[in-house]
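Here is what TrEMBL says about this protein:
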type	residues	note
DISULFID	C30-C109	disulfide bond
SITE	R57	site 'Transition state stabilizer'
ACT_SITE	H61	active site, proton acceptor
DISULFID	C63-C68	disulfide bond
DISULFID	C115-C311	disulfide bond
BINDING	P156	substrate binding site
DISULFID	C193-C225	disulfide bond
Amino acid sequence: MSLFFTFLLLFSSLFPSLDALTYRYYDHTCPNLESIVAREVHLATVNDKTVPAALLRMHFHDCFIRGCDGSVLLDSKGKNKAEKDGPPNISLHAFYVIDKAKKAIESACPGVVSCADILALAARDAVVVSGGPHWEVPKGRKDGRISKANETIQLPFPTFNFSQLQQSFSQRGLSIQDLVALSGGHTLGFAHCSSFQNRIHKFNSTVDIDPLLQPSFAASLRSICPAHNKVKNAGSAMDSTTTVFDNAYFKLLLQGRSIFSSDQSLLSTPYSKALVSKFANEQRHFEKAFVKSMVKMSRIAGAGEEVRLNCRVVR
């Protein structure tokens, strides 16, 4: 029996749980935390409308590598190339928003709030400032000490088919509904040409363009992103209301106006297609599902051990 309990203790130490997160974690130790983060997100967004999409994507990329432990915020050092310098993360930006929030929080309540929690709150506030729903964020994460660029290969790629997407999400305890709802985060943001070239040039051996793309939309994408595009920042908005959090992404998906192959794949199974239709028809259904899935994703366990004083470096 003692060996059994020893095994349980070892197992729990190797695979930490975020069930210990609580909604009132900082009520007494840093009561102004949420207002500080919200202020920094708002100020940054006033100056740069791309900030909300960047923060939402940053949180997603953090949680999908080593859990939600703030490891995506760490800078490369010496011979170690950090997550933020991995190929899928090169286009991540707005790290300065987290830095500014952290500096203000350290002035108010030093050594208390983790960078991982600040990022989770900033992602929520990014949605709110874009006209989306507000939700309570569970808190109490610790910051991880390990960040490796080569682990970013584990992130879902925009070229993934549905089976690959489902596997990636299920490995992290996320369901098909979570997959479809969280894909709705593509309502904010911008896609570079490299992420959807496969759909508009040399799609396969018989056709040049993905036949599931609406023809005039495909033509507009090809005009922006020619076969030998040399414009570094060329690309397309993810939907028609790129700075507004709404359900336009799902409506456009049903019209053959999605950007990524992974977006299109959501229509490839009856269940996921039904969810797309449901979210396209009723924004409130989408928002409710999105909030539930964001909270669930934010609970993906990390191996955090500390509260970093600077979000870019290990203590």
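Cβ atoms here come from the backbone N, Cα and C positions, even for glycine.
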Quiz prompt | Local Cβ density at C109 (disulfide bond) - other Cβ atoms counted within 10 Å | solution = 15
Quiz item: Of all the recorded positions given, namely C68, P156, C193, which is spatially nearest to C311 (disulfide bond) at the Cα level?
Solution: C68
Self-check item: Cα-proximity to the residue listed as 'active site, proton acceptor', 10 Å cut-off, over disulfide-bonded residues C30, C68, C109, C193, C225
Solution: C68
Quiz item: Nearest to C109 (disulfide bond) in three-dimensional space, by Cα, is which of the disulfide-bonded residues C63, C68, C193?
Solution: C68
Quiz item: Do you know offhand how many angstrom separate the residue listed as 'substrate binding site' and C115 (disulfide bond) by C-alpha?
Solution: 24
Exercise. Within 10 Å of each Cβ, count the other Cβ atoms, then let me know which of the disulfide-bonded residues C63, C68, C115, C193, C225 comes out lowest.
Key: C193
Self-check item: Residue pair C30 (disulfide bond), C115 (disulfide bond) - Cα distance, angstrom, rounded
Solution: 14
